[in-house]
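For ASP247, the entry in Swiss-Prot reads active site. Here Swiss-Prot flags HIS13, HIS15, LYS99, ASP247 as Zn(2+) 1 binding site. For HIS15, LEU16, ARG17, ASN41, HIS136, LEU219, HIS251, ALA263, the entry in Swiss-Prot reads substrate binding site. Residues annotated as Zn(2+) 2 binding site in Swiss-Prot, with sequence analysis given as evidence: LYS99, HIS136, HIS174. Annotation source Swiss-Prot lists N6-carboxylysine at LYS99, citing sequence analysis.
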Amino acid sequence: MNSITLLQPDDWHAHLRDGLALKRTVPDLAKQFARAICMPNLVPPVKTVEEALAYRERILAHVPEGNNFDPRMVLYFTDHTSPDEVRKIKESEHVNAIKLYPAGATTNSDNGVSDIRKVYAVIEQLEEHQVPLLLHGEVTHNHVDIFDREKRFLDEVLSPLLKQFPKLKVVLEHITTSDAAHFVLEQDRNVAATITPQHLLFNRNDMLVGGIKPHFYCLPILKRQTHQTTLLEVATSGNPKFFLGTDSAPHAQNAKENACGCAGCYSAPNAIELYAQAFDQVGKLERLEGFASHFGADFYGLPRNTSTITLVKEDNLVPESFDYLDNQKIIPLHAGKTLQWRKV
């Protein structure tokens with residue numbers, strides 16, 4: 001197969017940041033996707049529908065002319081989120097979900113939920129109104145090994161949560177383990193998962209063997225190859241529980257390449273080509289459209305896109321860097337390497 005045409009894909013998990021960063025991040029994402037779930041972990045975080053709509057306007061100001069990119073907004077779940085905010089989400093045209101970060105789990109997550117039992121009143125409303133709860137699925141206790149944090153979250157947090165709220169709509173974001181894949185498969189249709197390009201294409205050897213490569217460092221961290229293999233199997237299976245979410249996370253080069261570098265891979269500029277490469281490597285390119293363009297929209301209850309994109313099989317050199325912020329650079333995922341697919 002030398003070319004493939006798909007309904008325009010959506011990104012159900014992306015970080016755009018705010019302020020000057022939007023000049024870089026919004027056009028990069030808008031060239032690839034029709035819609036994106038825009039993460040709320042700003043400083044300060046996006047905690048109300050009003051704040052989300054104001055952030056959406058700041059994003060729209062950077063969408064290139066002639067592009068119909070539609071930012072879909074999310075609220076940041078805190079210990080102090082009001083149950084009434086769920087009703088406002090349900091009534092909003094542009095806000096689609098609420099995101100739970102365990103406090104301290106990832107970038108700008110200090111305001112996250114400290115104990116999920118504290119917010120059961122809000123979760124009751126989420127279940128009643130069928131508003132999706134998006135989960136960063138890791139525990140954050142210092143004594144838990146970083147490679148075990150996703151599995152422990154499933155056992156200690158998510159399993160009890162779904163017993164208490166069996167109809168809750170849940171997206172387990174950026175899954176990285178066989179444990180998470182099998183957990184999602186075992187649940188009813190109300191539980192789904194997103195998968196990033198880096199967790200399909202790479203594993204922890206790519207990050208750690210032959211020198212530490214900070215641009216592969218993200219959270220949840222890359223796992224061993226056996227987990228990567230399982231993620232590829234479920235992503236390419238045609239199962240509608242699994243769909244595209246890049247978790248594209250911009251950090252300036254100097255914030256990644258230092259003694260305590262930030263977590264996040266910037267995949268937005270070549271995201272759909274990265275996914276195409278992963279699907280093609282296992283001979284499942286015909287399954288890409290469902291994963292990228294159908295299943296996420298279906299889960300969120302939104303119409304599928306009607307426009308299309310075409311990918312052709314030809315060498316596509318990923319740039320070494322892009323301009324970012326004031327006189328800084330950002331290094332994209334797979335910088336300087338050649339992909340086999342190009343969006344035309």
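First residue shown is number 1, and so on along the chain.
Cβ atoms here come from the backbone N, Cα and C positions, even for glycine.
Candidate binding-site residues: HIS15, LEU16, ARG17. Nearest to HIS174 (Zn(2+) 2 binding site) by Cα distance: HIS15.
Most Cβ neighbours within 10 Å, among the binding-site residues LEU16, LEU219, ALA263: LEU16 holds that distinction in the structure as shown. A gap of 13 Å separates the Cα atoms of HIS15 (Zn(2+) 1 binding site) and LEU219 (substrate binding site). The Cβ of ASP247 (active site) has 26 neighbouring Cβ atoms from other residues within 10 Å, across all protein chains displayed. In terms of Cα spacing, the binding-site residues HIS13, ASN41, LYS99, ALA263 that come within 10 Å of the residue listed as 'active site' are HIS13. With respect to their backbone Cα atoms, HIS251 (substrate binding site) and HIS13 (Zn(2+) 1 binding site) stand 16 Å from each other.
A separation of roughly 9 Å, to the nearest angstrom, links the Cα atoms of ASN41 (substrate binding site) and LYS99 (Zn(2+) 1 binding site). Take the mean position of the Cβ atoms of HIS13, HIS15, LYS99, ASP247, the recorded Zn(2+) 1 site; other residues of that chain with a Cβ within 8 Å of it are ALA14, ILE37, MET39, ASN41, LEU134, GLU173, HIS174, GLY245, ALA249. When every Cα pair among HIS15, LEU16, ARG17, ASN41, HIS136, LEU219, HIS251, ALA263 is compared, the largest distance found for this substrate site is 19 Å.
Counting every protein chain shown, 24 other Cβ atoms lie within 10 Å of the Cβ of LYS99 (Zn(2+) 1 binding site).
On a Cα basis, HIS13 (Zn(2+) 1 binding site) lies 15 Å away from ALA263 (substrate binding site). Cβ environment of HIS13 (Zn(2+) 1 binding site): ILE37, MET39, LEU134, GLU173, HIS174, THR194, THR196, GLY245, THR246, ASP247 lie under 8 Å away, each six or more residues apart in the same chain.
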